[in-house]
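The structure appears below as structure tokens.
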């Protein structure tokens with residue numbers, strides 16, 4: 001493999017990624033992917049499909065391969081541009097695993113034991129509590145630190161992992177000098193937090209066992225309409241369409257989704273639906289979401305059917321990523337005391 005020289009940019013470096021372990025949801029799109037697209041002009045963006053993370057839970061090999069390509073096509077369909085951003089598959093850049101092993105030796109067992117996501121996933125995957133699941137945050141730290149990342153878009157469930165990444169980087173720097181940049185969380189100006197349709201007190205998750213809670217990006221729009229029309233609201237009589245997360249979580253979630261799709265503000269939507277029934281709100285949300293997904297899926301099919309294009313994007317993205325990653329890994333190896341490869 002011939003590696004390109006690393007590109008030098010004056011823009012802040014951003015790293016983020018998604019697992020190919022399940023269908024991405026409108027929550028992933030509105031809360032992450034859409035923001036990634038918007039960041040491309042102002043940031044040096046590195047976007048990864050984190051298949052190494054995916055295997056901390058058992059995967060069907062053929063399905064994992066399919067979902068990796070599905071995810072790549074979705075990235076492109078959402079507007080992530082390989083001419084503006086570096087897009088690659090994690091396992092195509094071996095420096096992620098190499099740096100992860102080195103960082104393991106500067107991470108304490110107690111730190112990993114305190115990670116709340118490990119506790120949650122251990123309960124969910126009780127039959128497969130493997131070392132990779134325990135060690136997941138160190139690989140995430142390697143993902144971030146490998147590219148001298150300035151900012152990381154993170155959700156609530158990953159904030160603790162980013163803090164650990166910062167701690168590992170600071171510990172390493174204190175021992176060996178300024179090897180790593182200390183990454184900061186990226187806090188978007190505005191971003192929809194899409195909640196479960198049937199239980200709007202919890203975040204919509206692609207791993208939810210109850211599929212009625214989830215709207216997938218590749219789901220049949222007719223199925224989406226049915227799910228939204230069954231979504232939880234409340235039993236107020238007469239109906240009151242008002243934004244109040246504490247008292248009206250279901251209604252607030254539908255307003256958030258509609259606002260995220262149409263661009264209308266919450267106060268505008270509250271005014272629009274004054275005196276109307278919950279069915280009117282659900283109908284508007286269903287129409288907006290199904291329309292958005294129909295357009296997205298059309299673009300997705302165009303990319304997904306072009307296997308040669310996907311291969312080119314993966315190949316070029318991995319070459320660009322490796323060119324950067326090797327620079328950082330060489331500095332780390334030299335600092336640790338490894339003999340350079342002749």
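Including glycine, each Cβ sits where the backbone N, Cα and C put it.
Within 10 Å of the C-beta of residue 19 (ATP binding site) we count 25 further C-beta atoms, all protein chains included. The ATP binding site annotation in Swiss-Prot covers 19, 20, 21, 27, 28, 155, 156, 157, 194, 203, 204, 205, 206, 207, and the record cites sequence analysis as its basis.
Remark: residue 143 (L-tryptophan binding site) has 15, 17, 48, 50, 90, 96 as non-local neighbours, by Cβ distance under 8 Å and separation of at least 6 in sequence. In the three-state DSSP classification, residue 143 (L-tryptophan binding site) falls within a helix. Residues or ranges marked as L-tryptophan binding site in Swiss-Prot (evidence: sequence analysis): 143.
Annotation comment: Swiss-Prot describes 20-28 as motif ''HIGH' region'. Sequence-distant contacts of the motif ''HIGH' region' (20-28) (same chain, six or more residues past either end, CB-CB distance under 8 Å): 49-51, 54, 57, 59, 64, 67-68, 70-71, 74, 192-195, 203-207, 214-219, 257, 289, 293.
The helix, strand and coil residue counts that DSSP assigns across the motif ''KMSKS' region' (203-207) are 0 helix, 1 strand, 4 coil. Swiss-Prot lists 203-207 with the feature motif ''KMSKS' region'.
Residue counts of the motif ''HIGH' region' (20-28) by helix, strand and coil are 3 helix, 1 strand, 5 coil (DSSP-based). When the binding-site residues 21, 28 are compared by the number of other C-beta atoms lying within 10 angstroms of their own C-beta, 21 comes out lowest. Looking at the motif ''HIGH' region' (20-28) alone, the prediction's average pLDDT is 88.
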